[in-house]
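Visitor: So TrEMBL has the following annotated:
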ACT_SITE  464  active site, proton acceptor
BINDING   185, 224  FAD binding site
DOMAIN    181-290  domain 'Acyl-CoA oxidase/dehydrogenase middle'
DOMAIN    328-478  domain 'Acyl-CoA oxidase C-alpha1'
DOMAIN    523-655  domain 'Acyl-CoA oxidase C-terminal'
């Protein structure tokens, strides 16, 4: 009772207390939006930076952006006095699919895909990449449907087929009079292509192949375009000739007639609603004694004669399968490079928002603090900016590696594309999540894009190969390189492993700021980790094999080291592309800022737990690395707007919160 009386007395005194007029409460002035361009300065030319990170086809990119902005098909909406374009995710799944098709037809009519399949050379390859990257900024469904049609269906005909296939199919594919899809994945097999269960036999009496789905797990699954629009598909199937399984081969099969009716002996079912990509009509396909002409075998690697003899210049089935699969790396290349641009959209939106949104005052009656002036906010976003710049340079390297490909470079392209695809898509999901949180509740709004992109791009972690499996493939390839070098008693050559031929780097006992920012130290640290993990991996796999385990069992038992080694390879390879890009610049502000970004990227790699786990860094040096990261984030704060403006993404393709978020949410905008 006594405690209750005291509380009552305190409340009474508070309510009856009189305040001097000077201390009366008054309402605060309403918040107003001030464009960051008014207060932020550009210390370097953002056009020059964009040229460095986009590298190619800038005019074509801007032309394509313009095509999308000027058409109502791309759902323009006015928010805060500005026009924004993004898909209408409130539409039904069926409506989204039809809009995706209409957008492709519009861009086709405007000439956006001219020469994509009928022209050859590096120029058209790079123009395709540029167009794909721009379309990815608008919508993942759009690029997925384009990718399936042009890169997978069209690419299969280009690379698996021969001249008569090219003459018959490529122009109609480019003109979209034929709509193709790519039937590889099955209910029971995805990453393990060699395990596919669809079966094809040859009937020498009619000169036809007969394709069957022998069991439910063999149904083709997640086939983009199959549910509604595709007229043809490339079917991947085991080829049985005279009772012998010759392995996986590819066949052209018509699945719909000119009126859109499903062809006889083919069953197609919709895969249904997904957490993203609902503008793509994924389907499931069953084949019941479907007959196709002998000429529909894509026969660049192997053929079947009219009388039923199997013909191939590559006798070894493993080598034949490798040659057969090599062209499919373009899928991983496209996924890797498109993921970088989603990170750019998220970072440009969240950093512009953080340059105008305020929260809490440090002192009474002072203005609230900009989000990006909080060290914690800088620490959460600037390392991601550095990571995105690093991925941009690595993506440019990967594209050039692909367009300059030779039969001898196929193995390198496979390893690098597997590594970068896994790393980039993992990074992208991390960046999208962090940017979503950095935008607070506004990050949940679909129109602000960041949150929606998470659902749309989550699938990239398993598209064209599960990321964990891809990283294990990278480690197996490094193991093979190591064993080959030891067997031949020759130096390492290729894949950036030349550092293995040099003395092992030594990390100083005390890491100063100067040392931590030195590119040579940064490279040495990343090489040291890769070198040591490769040695450990080889030693552990060899121990398992010495105990009688098979190669595959030994690799499986060392999966943790395999993952760490794959990451070490990827981080070092990406960092090398960053250093190479920086080296091309003359002295000046652009190079200075890029050097700061490069140091930040290197140190967030070195901050990884593996450097402490395997003993490359002491606890004290680990703390020094973290302190230096904080300093670098502070130094990048004045360049925040310039860094994201250099991404070259037009305002219309960002979220409304990147600009006047007060006006965009005003009653007048309802």
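Backbone N, Cα and C define each Cβ position, glycine as well.
Provide an account of the burial state, proximal residues and distances for the features listed.
Guide: Annotation for residue 464 (active site, proton acceptor): spatial neighbours 328, 331, 332, 335, 421, criterion Cβ-Cβ under 8 Å with sequence separation of six or more.
Residue 224 (FAD binding site): 25 other CB atoms within 10 A of its CB, across all protein chains.
Mean pLDDT of the predicted structure over the domain 'Acyl-CoA oxidase C-alpha1' (328-478): 95.
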Visitor: Could you tally the C-beta atoms, other than its own, that fall within 10 angstroms of the C-beta of residue 185 (FAD binding site)?
Guide: 21
Visitor: List the helix, strand and coil residue totals of the domain 'Acyl-CoA oxidase C-terminal' (523-655) as derived from DSSP.
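Guide: Helix/strand/coil tally for the domain 'Acyl-CoA oxidase C-terminal' (523-655): 109 helix, 0 strand, 24 coil.
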Visitor: In the domain 'Acyl-CoA oxidase/dehydrogenase middle' (181-290), how many residues does DSSP put in helix, strand and coil?
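Guide: Here the numbers are 6 helix, 54 strand, 50 coil.
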